[in-house]
Amino acid sequence: MNIKKVNLLDLNREGLRAFFVELGEKPFRAEQVMKWIYHYGCEDFDLMSNVNKKLRQKLKECAEIVAPEIKVEQRSNDGTIKWAMTVGDQEVETVYIPEKDRATLCISSQVGCVLACNFCSTAQQGFNRNLSVSEIIGQVWRAAKIVGVTGESGKRPITNVVMMGMGEPLLNLNNLIPAMELMLDDFGYALSKRRVTVSTSGVVPALDILGDRIDVSLAISLHAANDTLRSQMMPINDKYNIADFLAGVKRYIAKSKANRGKVYIEYLLLDHFNDSTDQAHELAILLKDTPCKINLIPFNPFPGNDYQKPSNSRVDRFNKVLMEYGYTVTVRKTRGDDIDAACGQLVGDVIDRTKRTMKKRLQGENIAISAG
């Protein structure tokens with residue numbers, strides 16, 4: 001009889017300590033093994049030299065360390081790396097963005113997305129399922145293995161993690177929170193809570209739960225300054241409108257030390273849709289009572305979508321209006337523009353190729369059956 005092995009990447013420190021107690025071991029074994037897994041990227045129990053041989057054998061029999069595998073990799077001339085990683089028989093997208101003073105990893109929380117935002121490449125794929133804890137933290141583990149695990153000292157290969165990949169993170173809280181705990185844990189990736197960021201489209205009840213259970217940086221996908229426009233772009237706005245959303249944000253930042261009293265507002269600029277100077281004034285007035293920093297994101301076009309990227313002059317005019325109101329504003333740099341730019345596009349391309357392959361295979365089988 002085969003015993004299903006426990007994937008240790010599914011367990012935060014508390015869960016791992018309980019696991020070792022069940023094995024009849026001391027709880028401190030959890031910290032020993034975590035250092036091997038997360039500080040050194042180790043997946044072979046035999047290499048864990050400070051773990052006794054008897055326990056290593058026991059672990060080989062009942063546990064495993066399994067992370068998503070790389071299916072497709074794209075490397076940009078600017079150093080950006082985009083991966084399609086396999087999770088079961090599906091794929092999610094993970095992006096590594098190195099800069100002079102930091103290295104940010106953008107990870108996914110779901111296979112596809114249920115929210116159907118009309119500017120999003122991932123939304124075109126529909127929703128399949130939530131990722132497990134191991135599939136979320138495993139993206140960090142796999143990326144760290146590729147870009148260089150440094151152990152106890154040396155420059156960190158990943159300094160920031162953002163939940164801005166495929167999926168709505170707050171619709172997968174039960175798995176997201178333990179994964180983020182591993183990012184923050186000293187025996188995990190030991191990241192500062194200001195360097196772990198969750199982005200949400202506005203699942204207000206889950207935002208309240210998040211604030212009660214963990215403290216990380218918050219970014220919100222706003223993208224419009226009135227409900228009429230936002231509902232056109234984001235169906236979730238019909239359930240939780242802008243006023244409800246911003247009220248939830250204020251409750252979160254009142255609890256949070258990671259945000260230092262401010263939230264990051266993400267505003268996607270769509271050419272001649274939400275990028276006029278009048279709309280910039282409207283946004284500035286809307287946010288006057290919300291302590292925030294604003295991140296303007298020029299749209300990255302992708303096949304099958306009619307929105308266009310605004311000109312630099314339109315972006316500059318929008319930015320100037322906000323700055324005149326005293327806001328701190330950044331314009332997101334275009335990174336990796338020589339590889340698939342839009343979030344979800346790489347996995348979308350993989351899915352399209354897979355569908356074409358399956359179609360050809362089925363056509364071949366039909367021909368064979370007909371010939372028989």
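Yeah, the Cβs are placed from backbone N, Cα and C, and that goes for glycine too.
Among the features that Swiss-Prot reports, active site, proton acceptor is placed at Glu93, with the record citing sequence analysis.
The active site, S-methylcysteine intermediate annotation in Swiss-Prot covers Cys343.
Under the heading [4Fe-4S] cluster binding site, Swiss-Prot lists Cys113, Cys117, Cys120, citing sequence analysis as support. If you take the C-beta of Cys113 ([4Fe-4S] cluster binding site) and look for same-chain residues 6 or more apart in sequence within under 8 angstroms, you find Cys120, Thr122, Ala123, Gln125, Gly126, Phe127, Met166, Gly167, Glu168.
Marked as S-adenosyl-L-methionine binding site by Swiss-Prot: Gly167, Glu168, Ser199, Ser221, Leu222, His223, Asn300. Cβ-based neighbour count (10 Å, all protein chains) for Glu168 (S-adenosyl-L-methionine binding site) stands at 24.
Per Swiss-Prot, disulfide bond is recorded for Cys106-Cys343, and the stated evidence type is sequence analysis. Mapped onto three states, the DSSP output places Cys106 (disulfide bond) in strand.
The domain 'Radical SAM core' annotation in Swiss-Prot covers 99-338.
With a cut-off of 8 Å between CB atoms and residues at least 6 apart in sequence, the same chain places Phe119, Arg230, Met233, Met234, Glu266, Tyr267, Leu268, Asn274 near His223 (S-adenosyl-L-methionine binding site), listed in sequence order.
Non-local contacts of Leu222 (S-adenosyl-L-methionine binding site) by the CB criterion (under 8 A, 6+ apart in sequence, same chain) comprise Arg230, Ile242, Phe245, Ile265, Glu266, Tyr267, Leu283. Nearest in space to Cys106 (disulfide bond), taking C-alpha to C-alpha distance over the recorded positions Glu93, Cys117, Ser199, Ser221, Asn300, is Glu93.
DSSP assigns Glu93 (active site, proton acceptor) to a strand. Under the DSSP three-state reduction, Ser221 (S-adenosyl-L-methionine binding site) is assigned to strand. A gap of 14 Å separates the Cα atoms of Ser199 (S-adenosyl-L-methionine binding site) and Cys117 ([4Fe-4S] cluster binding site).
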